[in-house]
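Positions annotated as active site, proton donor by TrEMBL: A:E317. What TrEMBL records for A:D396, A:E424 is active site, proton acceptor. Per TrEMBL, compositional bias 'Basic and acidic residues' is recorded for A:65-79. Residues or ranges marked as domain 'Glycosyl hydrolase family 67 catalytic' in TrEMBL: A:166-491. Per TrEMBL, the feature domain 'Glycosyl hydrolase family 67 C-terminal' maps to A:492-719. As annotated by TrEMBL, region 'Disordered' applies to A:60-79.
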Number of protein chains: 2
Amino acid sequence: MIDALDPGGPVNSVPPNDVHAAWLPPEAFRALGSRRSLVCGEGTLVDTVRDEIARACVRYGGSTDRPHPRPDRRPADDRSAAGTAYDLVLALVPAGLLPIAAAAVDVVYRRRYGAGTLGEEGFLLARHTEVTVVLAEAPAGLLYGLFHLVRLGESAFGLTRPMELHRPAMRLRMLNHWDNIDVHPVMGQVERGYAGGSIFWQDGARREDLTRVGAYGRLLAACGVNAVSVNNVNVHATEARLLTDRLGDVAAIADVLRPYGIRVHLSVSFAAPVMLGGLSSADPLDEAVREWWADATKRVYESVPDFGGYVVKADSEGQPGPFGYGRSHADGANVLADALSPYGGVVHWRAFVYNHRQDWRDRSTDRARAAHDHFVPLDGQFRDNVILQVKHGPMDFQTREPVSPVIAGMPGTRLAVELQVTQEYTGQQRHICYLAPWWSEVLGFGPWGDDGPTVAAVAAGASVGDAAERGAAGDGGGLVAVSNVGDDPFWTGHPLAQANLYAFGRLAWDPRLAPTAVLDEWIELTFAASAPNGLGLVRRVLRAIMDDSWRTYERYTAPLGVGFMVHPGDHYGPDVDGYEYSRWGTYHFADRDGVGVDRTRASGTAFTGQFPPPWRDVYESVESCPDELLLFFHHVPYGHVLHSGSTVIQHIYDTHFAGVEQVVAMRQQWERLAGVIDPGVHARVRERLDEQVRCATEWRDQINTYFFRKSGVPDAHGRRIH
Amino acid sequence: MIDALDPGGPVNSVPPNDVHAAWLPPEAFRALGSRRSLVCGEGTLVDTVRDEIARACVRYGGSTDRPHPRPDRRPADDRSAAGTAYDLVLALVPAGLLPIAAAAVDVVYRRRYGAGTLGEEGFLLARHTEVTVVLAEAPAGLLYGLFHLVRLGESAFGLTRPMELHRPAMRLRMLNHWDNIDVHPVMGQVERGYAGGSIFWQDGARREDLTRVGAYGRLLAACGVNAVSVNNVNVHATEARLLTDRLGDVAAIADVLRPYGIRVHLSVSFAAPVMLGGLSSADPLDEAVREWWADATKRVYESVPDFGGYVVKADSEGQPGPFGYGRSHADGANVLADALSPYGGVVHWRAFVYNHRQDWRDRSTDRARAAHDHFVPLDGQFRDNVILQVKHGPMDFQTREPVSPVIAGMPGTRLAVELQVTQEYTGQQRHICYLAPWWSEVLGFGPWGDDGPTVAAVAAGASVGDAAERGAAGDGGGLVAVSNVGDDPFWTGHPLAQANLYAFGRLAWDPRLAPTAVLDEWIELTFAASAPNGLGLVRRVLRAIMDDSWRTYERYTAPLGVGFMVHPGDHYGPDVDGYEYSRWGTYHFADRDGVGVDRTRASGTAFTGQFPPPWRDVYESVESCPDELLLFFHHVPYGHVLHSGSTVIQHIYDTHFAGVEQVVAMRQQWERLAGVIDPGVHARVRERLDEQVRCATEWRDQINTYFFRKSGVPDAHGRRIH
């Protein structure tokens, strides 16, 4: 009994024709769409699974069934009675587990995974007597299982397949959109957005046509993201009202994302009781304020029963917060948490609090210390449904930073680690910079050394003393990232920047995935329409271009972890002294003798003391500090010899010349794909590579000239420095 | 026969109550208003004179008459029959010269001034048998004579007064407004405006109430300005249409300014035939383009018969121009000149043409050379009604620059010298920087040395070989300046910045006036309401604060003529390397050994070769180059010893410490005026002085730290450098 194909399907799941399909082109569904499938289970997400398969079958000639509603009355020729009639079965375990699959699966499953459950989102994949089986305990698991099949393609139906159990490492895998409803006069519509306008908002209102939001949700589900906040953490006047009189807009977006298992969250202003409620104060200990939040939150859940919660940037870069009332950030976060608690919502409370009016003459203040100084004393004071959202590094998403010591410092607090998919400081989607290797380093880093849990494990819920592997889908805060998506036809401005979005979702699901493997997945899905031979070339070229692109970007920009040196305001392109005399706390202190920031306990800001062993000592010593972070922790002479054997000044010259050469090579590689891939994609990337070559050259020349003028040391190889 | 006071008067001549009266408070008219006056003559401007006196008389009890329309029938008791009945007579010479005054005046006049005429704007002031007499040959002369009397106050009626003849040195004394009709997203409404919005335009349209424009015209007439362009030289889409369908707006403004002898000019886009006329080209040699300009100009004069002409920024910073059609700037200017010629209009064609996309690595290109390179070869090719408008320095209104060599380079071209009253690079009307001493230096400079004509004389029409004094009201291009006025209640943001506007007009009328004398004039008019004793204190304090304020500003900003070092974009506050790696051609080339731009013929860009003797040699030699321009012309080591005896590096430290001390002293001086002057003025200036102290300190610390880090040379006096 084949489902009549519902031409409506989930209305918003396929992007308009003029929008790039990203990693879900129709061709990626070939293996699924040419098989006979049975989908067992009920519910919105199971319907989504059915619709996806049905759509693929229309294209590729397969079929999809649902179990007969009354098994005891099914006719003799009903195919759903016999598992062998199917190539693929996806089933909710409690609802309609087929005996033939269950028996086999159950044995293997128990042997390998013990009595553990699949949970809300996990699934099990097995191949049994020429049937591929996906089992889940909850609808979301079936949806993620479906997209796992899409990734596997034909190999999901290979003769032999080991059984696989997939559960997400993090329960919360979230994207923050820094989208404004109104266009901000300086920041534009999407703050730090490099892909056009917002997919949610336009001309001061919610977009009437949310088709792209649906298509976006589908892409996110396919890489594992399950939560989205829909407005900028800098909450301006218009956006503040999403919490109250614009709630209908939030509900409409939630309706479109729900079929993909994605919850909607909202950035709110801490001053909302004053701005929106007309109260005279937003003091979190004021009873009227508590009541206002409770009441406002109740109304939110009346509109959006599965609402995720609030994201709050408080006392940060001019946003209001509890400091204004002499209260702590725990007081501030808890009042929102109490309001959300009855409904299962959470508060993402950002730890990005620092003095953004620093005097550059004040050498004792160190912005790197700020989050630890502010938040570690509050450990244990936050409600269980508060998630402290910590940027992965102590500064602000630079190309290279140490891991934030806050991550090791708050065992009594749920922590989310925040990454930045949007390439604010990493080329703004005009440069190719595949960020998964960077995130992978961060997530695999052991804040307590090699024996303790990793950063990923902390985000998953582990703490000091736990083993490195603990914390799968535990009660941690998970991973959060700033999205890089806009209304650009390629979603992300640079078509290859789609890989970063994809990789974020995949690493949030499983931080142990190798970045190269994730890249391969993304390539094979995205370029599935290429001829089989062509795909091999695409893979080789993209690996050559992308695998090392983050380190290439690092080579031609600020050296040795010193950070910034970008053009103020827009953060694009070099300006070595651009932030040197500013109020932002981001300095390099280069003089004629040396460069770098002394953050040691011995003679500097003592930031090293915020780390537990071994890092507090590794970073403290100029001998043991890793080269790539040397200038983050130490001020050294230009003649200082690195572990690499090079001097600092010669390292600067060498890496900058090499970085540009590598970008030029990337551009040459790309030309090999002319005529092999979609011409629109090829042209857009070519145009951006021209800009990357130009900008990298500018970085090289400004950095080299700057340090040559300061140091007076000539290049050992006599290359041209202007 | 006292004129019935016309309560209408010139409707727009007195500013609204909430707007500061600037240098025309009612008290400035006390001497005039308490006298018995006779005004002889007819016409709009004579009416203005009458209305001014009548208004003063209402306040101070004097009287004003006009001659009996039929002298042969006047009654015996008519006072206008006998000069002795009046304290003051203002008369147009051809129309109604009173015999008693004429006889005396004529003798003295011929003896002192020969057969020269007073011209369109001159006037003669005499004191005869206790009557003060002002004579003019044309109505504008009478108007300027009136305001001269206002300046003189009681001393115009003293027992003895030598006869004075006043004729403007320049025929054209013009202000350019860089006002946009629409608010520009980056530049705001008034480009480089520091005094609020435009007085002409608001919310995308002409202001309905032009009262302030009238009041502005009155202020300008009182200092001698006779022409105004009403829109930005960067002509955007909306403003381009002032030439055609928005012509009514121009006419309305002209109507309000006409009673003050001020002609309206318009900035036009060179691409107007394409933008507005729908032609496919704006090629100046295209016949259809010539016809379009002729036709458009004809319509302009139908609306505004005394229209002044066009201001054009062509092929400059992105504006369209003749280069786009392979034509010269002479071709471009002449097509507009031909269109204006039948009506007596002029083209102000700006010489501010340079490569604003320079590669900072290119050391052979020198922006300072650009205007000379572009325009000197065209000398003699411009029509007589083309005025080439040349910035006074070769760069862009820095605190210190040499005089532009273009001024000495085009004997066959009418040149206007352009100054900047708006304080773009001199503190943006948040800092006190009285600019008249700077302008006075420029205007008194001899491009050919001490024996030839001055810059002022060139602007007045003199050329090489003329004597220094020649050129009064000759056929030169005159002086032009960018206005500093907006809709701020104090007109200029900083109340003391009014002095710059006043001084510009006065120096354009008479460049030989001492800046201190002009300052005194301005003080006595502006603070006329102070008690006599109070005025003495005001004068002492303001002299102490303002006389040297330009040099103080120079001390704490970019040193020794090197220029720029300002924050890019907004040009406010220090950013030493802000333009160092930019495309704007504004570099200082500081390295660990030295600083400055080598513009010599011997080893640099050969800019010195654009000057005639003696300057080509004075500037070429590091020995003879004046200290204040040393780094403009030479790259020298930090240890280079100046004529002052100090090294360059110690000079930098010393001037920056001294500059801040002087600003602190200015703020102390200002406190002496608390309670003595208008509290609103006092509070506004106090607030701005706080900002000036803050910003000067920032300049001092950034400049000193920057050069200490580069040079490694400690301050000889051991002061704190961060």
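From the backbone N, Cα and C atoms, a Cβ is placed for every residue, glycine too.
TrEMBL labels come from automatic prediction, so no person has curated them.
Positions of TrEMBL features highlighted on the structure.
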residue: A:E317; record: active site, proton donor; DSSP (3 states): coil
residue: A:D396; record: active site, proton acceptor; DSSP (3 states): coil
residue: A:E424; record: active site, proton acceptor; DSSP (3 states): coil
Number of Cβ atoms other than its own within 10 Å, given for A:E317 (active site, proton donor): 13
Same chain, 6+ residues apart, C-beta under 8 Å of the C-beta of A:E424 (active site, proton acceptor), given in sequence order: A:R192, A:F397, A:V482, A:H571
Cα-to-Cα gap, A:D396 (active site, proton acceptor) vs the residue listed as 'active site, proton donor', nearest whole Å: 13
Cβ neighbour count within 10 Å of A:D396 (active site, proton acceptor): 19
